[in-house]
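Since the structure comes first, as structure tokens, the remarks are kept for the end.
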Amino acid sequence: MKTDTSTFLAQQIVRLRRRDQIRRLMQRDKTPLAILFMAAVVGTLTGLVGVAFEKAVSWVQNMRIGALVQVADHAFLLWPLAFILSALLAMVGYFLVRKFAPEAGGSGIPEIEGALEELRPVRWWRVLPVKFIGGMGTLGAGMVLGREGPTVQIGGNLGRMVLDVFRMRSAEARHTLLATGAAAGLSAAFNAPLAGILFIIEEMRPQFRYNLISIKAVFTGVIMSSIVFRIFNGEAPIIEVGKLSDAPVNTLWLYLILGIIFGCVGPVFNSLVLRTQDMFQRFHGGEIKKWVLMGGAIGGLCGILGLIEPEAAGGGFNLIPIAAAGNFSVGLLLFIFIARVVTTLLCFSSGAPGGIFAPMLALGTLLGTAFGMAAAVLFPQYHLEAGTFAIAGMGALMAASVRAPLTGIVLVLEMTDNYQLILPMIITCLGATLLAQFLGGKPLYSTILARTLAKQDAEQAAKNQNAPAGENT
């Protein structure tokens, strides 16, 4: 009798253990619906704000250009007005950043990476208005900046805002919604949903906590952001370069050569960005007056440059289709490339609220097209199309500089709708990334974040040192 009872109890214990194992297995893939709902809200808000930011920047640019058109026949008014308008707009952006939210300067992507590791604050009530209005000023002034950095930072801050509004306390929700907003922001800037997802997984891989909950939330946010973008802007690719021809197998070695070139250019470009940042820091020394006046001078010069050589100013989206179509000579392409390198360094490294993705894409297009046109002359038997090298170059500089080849490949293919060029894109971006790494180049955003954290630690140490002894105990 005791034996039967013991056997029955043992069987019951085994059944309970199996049920518990099955229950845990089923719950392992159970995503809290609240987080998915919040991710959808974050994606929708980011899409709406991203579209509003794009329209606002275009409105400021059109107003500025319209004012210049009114005095186009009077040179003595045109040139001073071009400088003054752009200078004033730029000064608005610099002043707001320096006065109210220093973390809103630059692209903002390193700030999101730092926030994902709980190393940087997320003051959304300050960053959102400063980044939006400040970006309207600097981008509207015609400075060589992109809107993708602002939308990524805006998206991440919207994620934290939603978290605070709905009073969600868990660390998982805080991290997930921040990453969701950042991914939705990139998607809203470029109409590139897959690139937005890959950007979080690849570029922010050291900070992103990859699990089923977070990745589902990122997918949900990106979907909603993309839907909102396409409702307002349609489904056409953001950069119209037309359908380019395929790259024959016997020409693929040329794309590897192009990747090697960008593998050398990427680390040099990153080094120049950091050195220019140091130069500006030595100039203004943190004084707001000097910083704003310096920003106004850079903005005014961009306004003048926009009259002399329009292709050398602005984010570069209008330049890319023109350059990729082969409308410039090799010499002119290289001249514009050098001019835009200088203006990109001045605008981005000065701390203006604006991104560097779009300027890098334009630089890659210019150098890639120049290489393609030269290769077409040297190897006429291949019947090369320079535009295919322009597409490959767009992603290659980003791959070598940011060290995110997958994001660069997919982003360019989504933006141009030339998916047939995926093989030459892979070859070029992989070659650029490997050589940049071999040469000792560091990812741009990670390096900027490290410098920001070092500065933050130094400021905190100085504050603690200057504080009265009683306050430190």
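If you go along the chain as it appears here, the first residue is 1 and each next one adds 1.
Note that Cβ sites are derived from N, Cα and C of the backbone, with glycine treated the same way.
Listed in Swiss-Prot:
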- SER107, ILE356, PHE357, TYR445: chloride binding site (BINDING)
- 109-116: intramembrane segment (INTRAMEM)
- 177-189: intramembrane segment (INTRAMEM)
- 193-201: intramembrane segment (INTRAMEM)
- 387-401: intramembrane segment (INTRAMEM)
- 405-416: intramembrane segment (INTRAMEM)
- 417-421: intramembrane segment (INTRAMEM)
- 106-110: motif 'Selectivity filter part_1' (MOTIF)
- 146-150: motif 'Selectivity filter part_2' (MOTIF)
- 355-359: motif 'Selectivity filter part_3' (MOTIF)
- GLU203: site 'Mediates proton transfer from the protein to the inner aqueous phase' (SITE)
- 1-32: topological domain 'Cytoplasmic' (TOPO_DOM)
- 70-76: topological domain 'Periplasmic' (TOPO_DOM)
- 117-123: topological domain 'Cytoplasmic' (TOPO_DOM)
- 167-176: topological domain 'Cytoplasmic' (TOPO_DOM)
- 202-214: topological domain 'Cytoplasmic' (TOPO_DOM)
- 233-252: topological domain 'Periplasmic' (TOPO_DOM)
- 282-287: topological domain 'Cytoplasmic' (TOPO_DOM)
- 310-329: topological domain 'Periplasmic' (TOPO_DOM)
- 377-386: topological domain 'Periplasmic' (TOPO_DOM)
- 439-473: topological domain 'Cytoplasmic' (TOPO_DOM)
- 33-69: transmembrane segment (TRANSMEM)
- 77-100: transmembrane segment (TRANSMEM)
- 124-141: transmembrane segment (TRANSMEM)
- 148-166: transmembrane segment (TRANSMEM)
- 215-232: transmembrane segment (TRANSMEM)
- 253-281: transmembrane segment (TRANSMEM)
- 288-309: transmembrane segment (TRANSMEM)
- 330-349: transmembrane segment (TRANSMEM)
- 355-376: transmembrane segment (TRANSMEM)
- 422-438: transmembrane segment (TRANSMEM)
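Apart from the site residues SER107, ILE356, PHE357, TYR445, the chain places the Cβ of GLY106, ILE109, GLY146, GLU148, GLY149, PHE348, GLY355, MET360, VAL402, LEU444 no farther than 8 Å from the centroid of the site's Cβ atoms, the recorded chloride location. For the topological domain 'Periplasmic' (310-329), residue counts in helix, strand and coil come to 9 helix, 0 strand, 11 coil, using DSSP. Cβ neighbours of GLU203 (site 'Mediates proton transfer from the protein to the inner aqueous phase') (same chain, under 8 Å, six or more residues apart in sequence): ILE109, VAL402, ARG403, ALA404, THR407, PRO443, TYR445. Helix, strand and coil residue tallies for the topological domain 'Cytoplasmic' (202-214), in that order: 5 helix, 0 strand, 8 coil [DSSP]. Distant neighbours of the intramembrane segment (387-401): 241-242, 244-245, 247, 254-255, 258-259, 262-263, 265-267, 269-270, 320, 323-326, 357, 360-361, 363-369, 371-372, 375, 407-409, 411-412, 416, 418, 421, 424-425, 427-433, 435-436, 441, 443-444; these residues of the same chain sit at least 6 beyond its ends, with a Cβ under 8 Å from one of its Cβ atoms.
The most crowded of the binding-site residues listed here (SER107, ILE356, PHE357, TYR445) is ILE356, judged by how many other CB atoms sit within 10 Å of its own CB. Largest Cα-Cα distance over the residues recorded as binding chloride, namely SER107, ILE356, PHE357, TYR445, equals 11 Å.
If you look at the transmembrane segment (422-438), the same-chain residues 6 or more away from its ends with a CB under 8 A from one of its CBs are 247, 252, 255-256, 258-260, 262-264, 266-267, 388, 391-393, 395-397, 399-401, 403, 405, 408-409, 412-413. Non-local neighbours of the topological domain 'Cytoplasmic' (117-123) in the same chain are 101, 103, 111, 156-157, 160, 178, 206-207, 452-453, 456; each lies 6+ residues outside the stretch with a CB under 8 Å from one of its CB atoms.
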